[in-house]
Amino acid sequence: MKYDLIIIGSGSVGAAAGYYATRAGLNVLMTDAHMPPHQHGSHHGDTRLIRHAYGEGEKYVPLVLRAQTLWDDLSRHNEDDPIFVRSGVINLGPADSAFLANVAHSAEQWQLNVEKLDAQGIMARWPEIRVPDNYIGLFETDSGFLRSELAIKTWIQLAKEAGCAQLFNCPVTAIRHEDDGVTIETADGEYQAKKAIVCAGTWVKDLLPELPVQPVRKVFAWYQADGRYSVKNKFPAFTGELPNGDQYYGFPAENDALKIGKHNGGLVIHSADERVPFAEVASDGSEAFPFLRNVLPGIGCCLYGAACTYDNSPDEDFIIDTLPGHDNTLLITGLSGHGFKFASVLGEIAADFAQDKKSDFDLTPFRLSRFQ
């Protein structure tokens, strides 16, 4: 059998692509080295932020707004346990922060619902937060967080129900490009398709070693917190920049545990074996202490944590491009630790590619040619 589309890597983007392409009527094969959702990539840990006024650059705003529409649609499949939670996101940092300047610019350009607060305004609204006098907050009322593993599970189930073939726990060992399509090699045999999507995350270089993607081991952890920090008490998700430039992110507490992680830094690794579990690196449990001590002093001890992996591009912007010399293969990689919120729209872009549809978005900033 020859498929219309083979998806290599069925984590966040791959799961979405499988659903949207199958729903569009294509004959699709989803593959993954493990059984998604799983603990081997970048999507585990239950939650991911979604921010609209994007501090990483205005070029992302059209993508994230479309992503939000698709997340809202997906959430309707899980109304008892919604995939998207509109908690709001407060972005904290010094008044001269370049990141916050980008947030403000994105909000202005796209007329997004963002409220600016000074330090006193932040602490009056959320007494649990402490910031210096020179800090500001940009509060995104319409943003919040996503339940990442539930989203992937839902997409995979919906794709399967729509007739998508799924080959999991079976790594792709090679990709061959031929005149009439793409062939993948697996322990289960060879499979052919007219087109392929490669969204294999951290270990994409195992298949395509020429790609400029660097795996980085990252950690996040849950700390003891009471009901004051919960969504029910209107405590928001957050990003926070310390005076030294370190960037943190976190979520409202659930079950008396607040999740927080540090966005920058991490341990460069070169193989999956190097991504050791949480707490096997001495600094894992204390990485968030500088932020907690200064900004959230009421949070308690570290309860537990997890390690994940970023697939960083050299400039930490996405790579969305066809494989050089092979227009029938689309790469979506280098998501650099800020990609999950875009998984829905990236999956839709992949499905459009498989149907020979022109994308509605300007993807020029994400081309591989920028690294030449």
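Just so it is clear, glycine is given a Cβ too, placed from its N, Cα and C backbone atoms.
Swiss-Prot has this to say about the protein:
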- 4-34: FAD binding site (BINDING)
- C308: S-8alpha-FAD cysteine (MOD_RES)
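With all protein chains in the displayed structure included, the most crowded Cβ environment within 10 Å among the recorded positions I8, A16, C308 is that of A16.
Long-range Cβ neighbours of S12 (FAD binding site) (same chain, at least 6 residues apart, Cβ-Cβ under 8 Å): G41, S42, H43, S148, A151, I152, G339, F340, A343.
DSSP classifies A24 (FAD binding site) as coil under the three-state reduction. Note on V28 (FAD binding site): other Cβ atoms within 10 Å of its Cβ, all shown chains, come to 28.
Taking every protein chain shown into account, D4, D32 are the binding-site residues, and of these the Cβ with the most other Cβ atoms within 10 Å belongs to D32. It is 26 Å from the Cα atom of Y20 (FAD binding site) to that of C308 (S-8alpha-FAD cysteine). Working note on the binding-site residues Y20, A24: by count of other C-beta atoms within 10 Å of each C-beta, Y20 ranks first. DSSP assigns A16 (FAD binding site) to a helical segment in the three-state reduction. Looking at D4 (FAD binding site) and C308 (S-8alpha-FAD cysteine), their Cα atoms lie 32 Å from each other. Among the binding-site residues I8, V28, D32, the residue whose Cα lies closest in space to that of C308 (S-8alpha-FAD cysteine) is D32.
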